[in-house]
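As recorded in Swiss-Prot, the features of this protein are as follows:
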type	residues	note
ACT_SITE	E332	active site, proton acceptor
ACT_SITE	H333	active site, proton acceptor
BINDING	Y135, Q193, N216	NAD(+) binding site
BINDING	S243, Q265, H268, H333, D366, E420, H425	substrate binding site
BINDING	Q265, H268, D366, H425	Zn(2+) binding site
Amino acid sequence: MDMLTWAALSADEQKTALQRSPLIGDSGLEQSVRAIVDAVASRGDAAIKEFNQKFDGARLANISSANSDNLRLSEHEIEAASARVSPELKAAIAQAMANIDVFHSAQQFRPIDIETQAGVRCELRSEPIEKVGLYIPGGSAPLISTVLMLALPATIAGCEQRVLVSPPPINDAIVYAANVCGITEIYQVGGAQAIAALAFGTETIPSVDKIFGPGNRYVTEAKRLVSQDGRCTVSIDMPAGPSEVLVIADSDANAQFIAADLLSQAEHGPDSQVILVTDSLPLAQAVNQALKSQLAALPRQEIAATALKGSRTILVKDMQEAALVSNRYGPEHLIIQTRFPREVLNNIRAAGSVFLGAYTPESVGDYASGTNHVLPTYGYSRAVSSLSLADFSRRFTVQELSAKGLLGLGQAVMTLASNELLDAHKNAVAVRLASLKG
């Protein structure tokens, strides 16, 4: 990776050093996705089946003829798919589920009920989102962990209807993971058409209140479009971008560990970005050597090598400056491999998820430590939080005033309303005060 010295860079050069690769897209993307969304909104299941055949035709041929035209998996199909999953994988899923359950169950909302002044009672309450849609991408590698990260919190939160969609044929492990997480509605549909179905509903697929899950640029664009479409009322989880990691390391860090962590993100895709920030030139050089040897053994070495071309090492004077660089970048994943990692953590202000110490690879958070791996990317961690139980609920406030409360607060409200030239607001208080004063 290219090596830069932070203190030697101008302000503009520092900004360039922390730039990400441009998001891949084309001028026709919105038009293409909008056509799919509109077709599903107007023609429902018929459009879904046409797009399934068009985009997933080869894979549809692998589905049993008895169900090749059915969008929803039957209870029998769910049981059969689950039976084909190996005991070893089931055990791994169970261990990951247990940790995710513990961490997310601890996030249960605690209501606030307080008197702000005499006779003025204010509350903050929370209720689960009634209907949620979970999108799980297809492809050669089943994203089992993503099912756990979405389905389990939705179940813990108490969402009444939990719908999962994934391109056909859905991998057995995906079906099993969904089932053990309490998902009983599983539909064979992927891509932009799946997002549109969740937003508008079809004859078979119910509309939902919020859509979660990663996907390719068509899925990402569809999520953006439906969240802004006046024909439906649906929200989405968070903006999506390429995967990324920033590693803060000092001279005590293990170069082999760091190289492995960098490559574990680089192999996600050619637009992934990895950054090493260190105050040790010998360590930086050792990491570069370790990258070369480990890269040669990777099946996805071409993808990882392309990602490394857009990545870099940044040399800093100390760990305080390292934290400053990290905060300006706002990484999706932040790994801190230093002698005193928690001291560095105290200076961190922006990160999707943080991994402390030599024995905490980013992979554990991806799969089974208990934290959620759905994280803000592309610098959004400076303002957007990682996925949590709160994302599957909505909060609302309650206020209740007694007569004494209104007498004590009314004049302030009327004064503010008058200054904002909102006389009806003022009058709503005035008529009540008049009735109290007889």
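Here the Cβ of each residue, glycine as well, is placed from N, Cα and C on the backbone.
For Y135 (NAD(+) binding site), the same-chain residues 6+ apart in sequence whose C-beta sits under 8 angstroms from its C-beta are L164, V165, S166, G190, A194, I195, L198, I211, F212, G213, P214, G215, V219. Here the recorded positions are H268, H333, H425, and the one whose Cβ sees the fewest other Cβ atoms within 10 Å is H425. The DSSP secondary structure for E420 (substrate binding site) is coil. E420 (substrate binding site) is surrounded by 10 other CB atoms, counting those within 10 A of its CB over all protein chains shown. Between the listed binding-site residues, namely Q193, N216, S243, Q265, the fewest other CB atoms within 10 angstroms of a CB are found at N216. Of all the binding-site residues in the record (N216, H268, H425), the one with the smallest CA separation from H333 (active site, proton acceptor) is H268. Other than Y135, Q193, N216, the residues of this chain whose Cβ falls within 8 Å of the Cβ centroid of the NAD(+) site are, in sequence order, P137, V165, P167, G190, G191, A192, A194, I195, G215, Y218, V219, A222. Minimal Cβ crowding within 10 Å, among the recorded positions E332, D366, is found at D366. Between E332 (active site, proton acceptor) and S243 (substrate binding site), the C-alpha separation comes to 7 Å.
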